[in-house]
Structures are given as C-alpha cells and as structure tokens.
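The block underneath contains the structure these notes are about, expressed in structure tokens.
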Ligand code: ADP
C-alpha cells in the first residue's frame, strides 16, 4: 500500500468522522431553515418555478456533502415536497393555512434530511472501517458459515496474490489449501463454544509458495445470536518460523557437538552472580537442569581436596576480571571422581560489568588414559632397568664380592692376631672395623640393587641430584673399571634440589653411563674417559651431563636416537634412550644429545630446581 494512498485514506476517515457527529445538530437546523425558506418563497412569492429552483439548488449543494444515496434521498424528498406544495396550493380549503404549510414543509424537509444524514453517516463509518482494515499489514478476511469469502482486505490481496474480486465468493480453505494443526471439526467446535480460535496454519499462496500464519478467528453473531460470519486475521510468520527452525537446528547441532566432545559451556555475570549452564555442563556436574546455578553448587560438587583452589580461582577471576583456565576434580554423588578443565574468557557487557564466557570439558577419560600410559611407561622402565641390572650382574656380583672377600680376609687376620701368644688387640680391633665397613658397603650395594629392581609407584620428592649420582657409582664401578674406562665426577657443590623419582632418575644416569662405556669400547687409540658433570644453568635448572670419548653420534642418526627400538648395536634393544626421554618428560625436564667438540658425545638432561616451600621434601635422603 503506497504512503500517499494511506495518507488519503486517513485524511478521508478523519474528515468523515467529525462530519458524522456534528451533522446530528447541524442538519436539523439546516433542514429547519430550509423549510422556512421554502415556505417563505412558496407562500409569499407564490412562484412555483422559484420554489422548484430552490429545490434544485438544495440538491446540488448536497452533492458536496452527501454520499450518492444521501443525495438521492434528498432529491426524492424535494420532489415529494414540490408535489405536496402543489397539491396543498390547489387542493382543499385548509391548504392555504400558512401554519399547516409551514408544519408540512418542516416535517418533509426534516425527515428527508434525517434519512440522508443517517445513511451518509452509516456509509462513512463502514467505508472508514473498510479503509482501516486495508491499512493493516495483517491479512484479514471474512467468510460466511459456508466458508465462502465475503470480505478480503488489501493485506490479504498482497500476501496471497488474489485480488478481492478474485477471492470473494471462493471457499476459503480450498482457495488457500489450508493445513490445520488439528481436525477442522475440533477447531469449529471450539470456535462455536468460545467465539474464538487461535493457532498456526499453513496456507498456499496463489503462486503455490507456502505461507505459515498465526491465525486468529472470531465468530460474528447476528442479533438473534446465530453465527453468521467468521473474521479471520492472519499474521505471516513464515520467516520467523524459518529463523526459529534454523535456530533450533543450530542449537541441536551445538548440543550434540557438546555431548560428543564432553564440553559444556557457561556464562557468568560477576555483578549479578548469574551463572548460565548448557545442558552438557549440567550433565558433567551431575545436576538436574535448573533455572539458576550458584558458585556454591560448583564448590559443593568439587572434590574436597580441590575446593580451596577452585574458590581461589573464582575469587581471583571475580576480583581481577581476567581470563582463567583451571583443572580440578569433581566428586560425584556415587563416589566417582571426574576431572574437568574449565577455561573462561572475560568480556565487558554494555554496563561495563565483567562477564565470563567459558567452556568446561570432562577430561576424565584423557586423564585416565594418561595415568594408564604413565603406569605402562613405569612398568616398561622397570623391565628395562631390571634388564640392565641383569646385564650388569657380573660386575655387581664382583662389587659385592669384594667387601665380602675383605671381610673374610679381615676375619682371618683378626684370628691370627688373637692366636698369638700375646694377642694384639689393637690389630684385632682394626680388622673388626674393616669388617664392619666392608659389611656396610656390601649391604649398601644390595640395598641399592633392591631399590632399583623393586617395582614401585612413581614417587616424586625433592632430592639432591649429586647424591643420587653418587649412589649409583658403586654399582657401575666394576663395569666401568673392567672396560678400561676411567670415571670422573665433576659435581657442582650446593646445587638446589630437584623434584623427582629417585629410582627413575638413577635409571637414566645408569643408562647414560652404560651407553657411554659401550660407545668407547671400540676405541683403541685414545684413553677411555667418562665424565659425569652436574651444574646449575643460567635459567636456574639443574643440568646433568655424561660425556664420553666414544664413537660419537652419526649425523644421520641424530633424529632417531630417542626413537623406540632404534639401535646400532648388534645385541641392542633400542629402548634405553626412549625410556630415559619419557622419564624426563614425566619429570617436566628434557634429555638431549650433542656431539663433542673433540671425540665422543655428551648426553645431558635438565630439571627444574625445586624450592622447599613447595611442600615436598627429600624423604628418602639418608
Ligand atoms: P641400545 O643401547 O640398546 O642400542 P639406546 O636407546 O640406549 O639403546 O641407544 C640407542 C642408540 O643410540 C644406540 O644404539 C647408539 O647408536 C646411540 N647411542 C646411545 N648412546 C650413545 C653414545 N654415548 N655415543 C654414541 N651413540 C650412542
């Protein structure tokens, strides 16, 4: 509908509306004056042609104000008056009575004017109503009880494509191929009972395209209460439905994706404390869907050991308004433990208040898999350690044998000193001291051996790496010596502690020593020297390097040295360095190899130094 046309219709409606109301006063007065005028002309001037001319003027003037039916009424009234005037003038004796003539004129003109005004006002009102219905964007039509369309507004014509003359007289539901949400009988029953019905319909436009409408029906009854027509107002919601469907679909995708990835989402307004969770977040936390979520609900579900940390993270986030990421455990009502990882991004809303948008992922499966991997790595490390120790058995046996032999010798010597005529007790005492210290040495070696061959859970404590190095030397001593290798320790004093599993770190050291010794075996033209160095690097890390003067590393092998099953030795397994690297990674450290400036290679590892206030202590340090 064009704007100009709308304005014109509104203007006309505004013009007609006051006319209809003032006419109830104006027209009787005008009619009275007109009647007096006609009487005066008719009686005083006594000119029938002048009276007739007056009637014509009246009718012509009325054209300006009245609807055609009003003009018709007025014309008929004037004609009747003219005939009556003629009859009165030429008829019975009382006809000349001026009062009767005035009365008759007043009556005739008044009645005519009343009829004209009534008709005109009625026509204006229905015209105004029809025009107003054309103003709305909604489609409005009226159908009779046979479902035939009797009125069709402009909105309906525009929306459906049929003009009113094409629609009127058609059976509405056939024309628009209506699809009802319920059986039509049910709908009609409700309409007759309540006078109204509302629902969604699917219609077909003239060009066949479907149209989804929110439809409102109201039943019109006549004065006798009989249903006569139905006014149907339809609001096009096709686009809205499409958008709703698209939204529903994308929400369904999102929910499915969240379910598959075990990732829920959340929103948190710090100012209002309002927390919104997605369905998956409710599932992860094991709560039924609820309209409101509180920080207390989260803390309550958190594992008691992690509650303080969670509170701290939440408080810090609320205070600083900065992104956060944390991992903690949930203790579920059935006693099971879930690991969750939450990340949140801080945003500022329109009111400058901080709001967090985040995701929470159930990482239980990942953590369990990591734990299983750690365990199998530990088992593998154990097997490899036992294998290495097995390979070193001869050397270790020799290492234990030595103090035992010394004990026996000292025993024999002691006896000899006692068997003298004057027993030399001082010598006996010395022999006994030697026996004790040799016994201790043998015991120490067996103790180390047992510790290394025992399968224990990874136990990280703060420990002195120099001490750990020194402990393994007795086990390696004989091996190193028998291969003609001289071992030198260059250990930096007063190193900070490192956090680690003593046995696993010693396994790494043993592996590096054995590899170094083996790398020097083929060398015949230079001395076999192995240096074990410890130091603190610039980044505050504790470094341990095992440097040999062996065959060195072939540049082509550098990338594969740490791969499982990579070996260049005829009877090698190729697992040693791979296990050492995973031990170091498990300790948050790293292990690497480099070629020496001179002959040979250096293998070294670096570990973060450990600060005692971080709770751990070197429990097994003796
Ligand atoms: P294995 O000793 O059973 O071969 P490792 O994983 O300990 O298994 O070592 C893998 C390979 O790395 C060795 O076969 C050798 O080629 C190389 N390698 C290890 N240590 C040294 C070293 N100190 N010098 C030269 N090459 C080495």
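These residue numbers are counts, starting from 1, taken along the chain as shown.
Placement of Cβ uses the backbone N, Cα and C atoms for every residue, glycine included.
The structure displayed is predicted, hence computed values, not measured ones.
Going by TrEMBL, these are the annotated features:
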DOMAIN    125-191  domain 'PAS'
DOMAIN    195-249  domain 'PAC'
DOMAIN    277-321  domain 'PAS'
DOMAIN    324-375  domain 'PAC'
DOMAIN    395-611  domain 'Histidine kinase'
TRANSMEM  21-46  transmembrane segment
TRANSMEM  66-87  transmembrane segment
TRANSMEM  99-117  transmembrane segment
Inset, instruction - Could you pull out which residues elsewhere in the chain have a CB under 8 Å from any CB of the domain 'PAS' (277-321), counting only those six or more residues past its ends? - result: 254-255, 258-259, 262-266, 270, 328-333, 337-338, 340, 344, 346, 354, 356, 360, 362
Inset, instruction - Sort the residues of the domain 'PAS' (277-321) into helix, strand and coil with DSSP and give the three counts. - result: 31 helix, 3 strand, 11 coil
Legend entry - Three-state composition of the domain 'PAC' (324-375), taking helix and strand from DSSP: 12 helix, 29 strand, 11 coil
